[in-house]
Amino acid sequence: MLVAGSFVTLIAIGFPIAFALAATALIYIFASDNTVLLQSYAQQMFGGLENYGLLALPLFILLGEMMNSGGIGRRLMALSLALLGRIKGGLAYVNLVANMFMASILGSAVAQITIMSKMAVPEMERAGYPRDVSVAITAAGSVLAPIIPPSMMFIIFGVIAQIPIGDLFIAGVVPGLILFVAFIGVIAFLGQKHGFPTTDAMTMKERGRALIDALPALSIPVIIIGTILGGIATPTEAAAIATLAAMLIGLFVYRDMSFRDLAPAFVRAARNAAIVLFLIAAAQVFSWVITFENVPATVAAWLQSLTSSPLVFLLLLNILLLLLGTITDPIPAIILVVPVLLPVAMDTYGIDPFQFGVIVCLNLTLGLLTPPVGTGLFTAALMGNVRAERIAWLIVPFFLASAVVIVLLSLFPPLTIGLKGLLE
Amino acid sequence: KDYRLGLITPPPHQWTKTAQAMADQLKKETDGAVNILIFPSGQLGNEAQMLQQLQTGALDFAFLTLGEFSNRDPNYGIFLAPYIVDDVAGARKLLQGETANKLLDQVDQFGLVGLGYGMAGMRQIVMANEVDSVDDISGKKIRTIPFAPELDFWKKVGAAPTPMPLPALYDAFANGQVDGMQIDFEGTWNSKYYEHADTIIESNHMMFPMIAVASGRSWQQIPEGDREKVEAAFDSFLDELIGSYASIDADYLAQLKTTDVPVITVGRPFFGDAIDEWYVTWREEAPMLTDLEAEAEKIRN
Amino acid sequence: MASLVSSAEPTSVDVPQRPGGLTRLSDAVATFDSWLAGLLVAAIFALLIVNAATRALGTPVIWIDELAIYAMIWAAFLGSSAGLARREHIAVTLLPEAVTPRIRAALAVGVDLLLLMFTISLGLIVWRWFDPITVLGAETLRDFSRATFNFIYTEPTTTIGMRKVWFWLIMPYACLTLNLHALRNLAGSVRRLQEHR
Ligand code: NA
Ligand code: NA
């Protein structure tokens with residue numbers, strides 16, 4: 001109780017979450033009178049990062065940096081526009097399709113909001129869309145980023161759950177597509193409600209030019225998938241190779257960046273990765289201490305006494321995650337929830353870890369868009385110069401659509417694990 | 001009193017099941033005076049981290065593979081000598097022998113008390129390509145554990161030993177980042193590696209021992225009478241564990257034979273000169289290998 | 001996460017009109033650590049490409065994975081320490097934003113004080129782990145390990161062939177810089193609280 005209380009207090013007064021986890025572990029060590037653990041504390045913190053899977057994190061962040069500086073996102077946006085014909089609310093769909101393209105390359109929703117806001121919102125405003133709605137669509141579209149592979153959240157989940165990240169990526173494909181279709185439905189509804197303008201179709205010549213211009217950009221996802229399936233690279237190495245490609249394309253093909261932009265991109269990637277990695281290191285120490293005190297087994301026993309139905313468990317889990325998502329961001333939430341609840345889900349309720357992973361990641365991603373703590377929401381509001389409360393309100397239909405998808409994923413395991421089974 | 005036993009295998013693995021059964025019996029036998037909590041799947045850290053916690057006395061017991069030991073003292077690598085034994089029965093005798101016992105006692109240099117040996121299934125080879133001779137293996141990337149003696153064996157066979165974390169292995173094998181692996185039948189079946197294999201080689205070329213240890217520090221704290229009960233329980237459960245692998249290997253091999261992946265059986269001559277060369281190198285690296293060879297020779301005859 | 005940090009240049013929130021020595025030192029260290037972390041990420045990037053290439057050529061280099069992981073860990077400690085100087089670590093700022101500026105300033109002093117206490121504790125833990133005084137007095141590292149049950153100086157790496165303590169050295173360094181930044185943050189928030197008097 002003392003331990004839980006001090007953790008909640010630290011978080012509430014604005015203590016950085018990573019430090020709160022590490023400090024709480026320390027408090028727990030003293031409270032449980034196991035000071036012998038102090039001798040292993042530092043090594044556990046270091047050891048929490050000694051994991052090959054985590055290398056994907058700095059690399060996918062680096063890939064995002066290079067794509068942003070190298071003008072790759074812009075070309076994908078133009079291509080999405082070229083793909084559509086004359087349609088009411090065309091640019092809104094373009095936004096979503098471009099988000100889909102970006103999601104297939106980028107691992108992070110916040111990175112995606114940053115890039116997409118710069119490209120999509122001004123364009124939509126010029127075409128006569130209300131700005132707040134444009135920002136909301138951009139923010140909602142970014143939810144695709146962590147579900148459609150590759151995904152930083154899947155990487156972190158895979159590392160903590162000790163399951164193959166490649167398989168987790170495959171498990172995300174169908175849910176990502178369902179989410180995409182659901183969002184198309186929401187945009188159609190919004191188009192009627194807000195009277196979206198109609199986009200004219202491009203001429204075939206313009207379309208051809210956009211396609212040719214986007215070909216180098218399209219090579220990035222092709223390189224990632226191709227090098228993995230071709231037996232050349234692990235997913236992590238694929239991100240490195242794709243980064244190299246993005247760098248070369250940005251420098252020599254699109255010439256949107258110069259050699260002077262490289263060093264700062266590496267430094268930014270290192271610092272962003274470091275913040276997340278330190279959080280993981282602190283969480284490992286925390287989870288080691290609570291495991292040592294046998295807390296997960298106690299929680300498992302308690303949950304088991306509540307219900308024996310996997311569906312009820314998943315329902316409770318989803319409510320818990322949605323609540324947790326409002327007060328925190330996905331990555332710290334994953335780190336808090338997964339070590340305790342995944343063993344329970346698997347051993348007590350027989351839930352597939354891949355199904356569990358996709359549900360947890362999608363649910364927590366929504367947390368990026370929920371106030372009061374919603375990094376994605378605030379990024380979108382900041383970049384689009386709209387009040388965050390307004391966007392939060394406009395996002396509600398997307399949010400409801402996502403909730404329906406989460407329920408579907410909970411009810412029907414084949415949606416997540418089916419494709420993996422087919423491929424085997 | 002609560003004690004803690006850590007190991008890296010997941011709950012369904014034979015090692016974890018053995019640990020749990022042993023803990024249950026000890027608890028009953030001592031009326032809860034010795035209550036060993038089991039922490040599977042490396043919940044308390046990888047083997048290096050568990051070793052460190054054993055040394056400080058945070059962790060009381062562990063089942064450890066030889067990797068961390070052979071990394072510190074090459075003599076612990078001698079059990080990975082190729083074809084030192086023919087089968088599980090041979091391994092069982094060798095692990096009760098003089099050399100094995102000497103090495104068990106010597107874990108005190110790491111701040112531990114050795115309680116006995118266990119083992120996993122005999123090592124086999126699973127390849128993505130068709131294999132008729134060792135030439136079909138040489139030049140291929142074989143996933144191994146990064147222990148010097150094992151890496152050296154594969155180098156001498158002419159293959160490219162490729163260490164890789166186990167969770168990444170299935171994908172890597174499916175996609176061709178590795179061409180094969182050294183593994184037991186249990187793992188081949190349970191992790192479904194056979195799905196992407198074109199040949200399963202029943203080679204039985206290496207044993208895979210485990211050392212059960214107690215923390216030197218916490219061992220001193222356990223009351224004398226309880227210590228005897230703990231020792232006796234480890235003895236009987238570990239011996240049973242080793243013995244069980246004869247049937248585990250056979251059962252999983254039988255299951256694998258129900259798939260359409262061809263299983264070929266090979267012996268020491270299959271590998272050519274590689275094994276003799278391995279012994280030349282490792283007799284120098286690890287002086288106790290010569291003693292072990294002599295014991296193994298006696299067991300075989 | 002790409003928008004957590006907007007630029008590689010110091011963007012401190014604690015810079016007074018004329019930065020004091022502590023602030024300048026903390027900024028300099030944070031900038032140095034950031035660039036070093038960037039260099040390490042570049043190294044990881046290169047190592048992984050080499051790894052894929054050498055494996056594709058059938059000559060895998062076994063120590064690359066382990067070295068890349070240690071490079072990442074160094075980058076993590078360097079970058080996150082610099083992140084403390086720039087207050088970039090993720091926190092829940094709900095309560096601090098809801099209260100009056102004066103209470104907020106007081107809360108910030110409390111947070112920074114507790115943070116300093118934590119970084120000092122971490123420093124002590126790492127000091128005890130490395131146990132520098134005992135090890136300097138010991139005849140050999142083996143004797144030290146036997147006497148203290150502390151094997152920090154003899155632990156090997158798996159594939160690199162170096163002792164692991166060389167890589168663990170990032171922890172004492174990070175403890176030093178974390179304490180420096182925590183102290184600077186505390187000084188800054190105390191100053192701001194005084195302005196609210
Ligand atoms: Na993605
Ligand atoms: Na939120």
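Glycine too: its Cβ is placed from the backbone N, Cα and C atoms.
No curator has checked TrEMBL annotations; they are predicted automatically.
TrEMBL annotations:
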type: DOMAIN; residues: A:5-414; note: domain 'TRAP C4-dicarboxylate transport system permease DctM subunit'
type: TRANSMEM; residues: A:7-31; note: transmembrane segment
type: TRANSMEM; residues: A:43-64; note: transmembrane segment
type: TRANSMEM; residues: A:100-121; note: transmembrane segment
type: TRANSMEM; residues: A:133-163; note: transmembrane segment
type: TRANSMEM; residues: A:169-190; note: transmembrane segment
type: TRANSMEM; residues: A:211-232; note: transmembrane segment
type: TRANSMEM; residues: A:238-257; note: transmembrane segment
type: TRANSMEM; residues: A:269-290; note: transmembrane segment
type: TRANSMEM; residues: A:302-324; note: transmembrane segment
type: TRANSMEM; residues: A:331-351; note: transmembrane segment
type: TRANSMEM; residues: A:357-379; note: transmembrane segment
type: TRANSMEM; residues: A:391-412; note: transmembrane segment
Interface-richest range of A:100-121, A:238-257, A:269-290 toward the transmembrane segment (A:211-232), CB pairs under 8 Å: A:238-257
Of A:100-121, A:169-190, A:238-257, A:357-379, A:391-412, whichever stretch has the most CB pairs under 8 A to the transmembrane segment (A:133-163): A:100-121
Paired segments the transmembrane segment (A:43-64) and the transmembrane segment (A:169-190) in contact, 3+ CB pairs under 8 A: no
Within the predicted model, mean pLDDT of the domain 'TRAP C4-dicarboxylate transport system permease DctM subunit' (A:5-414): 86
Region pair the transmembrane segment (A:269-290) / the transmembrane segment (A:169-190), three or more CB pairs under 8 Å: no
Contact call for the transmembrane segment (A:169-190) and the transmembrane segment (A:331-351): at least 3 Cβ pairs under 8 Å, seq gap 6+: no
Best-contacting stretch, by C-beta pairs under 8 Å, relative to the transmembrane segment (A:100-121) and drawn from A:302-324, A:331-351, A:357-379: A:357-379
Residues of the parent chain within Cβ reach of the transmembrane segment (A:331-351), under 8 Å, 6 or more residues beyond its termini: 17-18, 21, 152-153, 156-157, 160-161, 276, 279-280, 283, 287, 290-291, 295-296, 299-300, 303-304, 309-310, 313-314, 317, 320-321, 324-325, 360-361, 364, 367
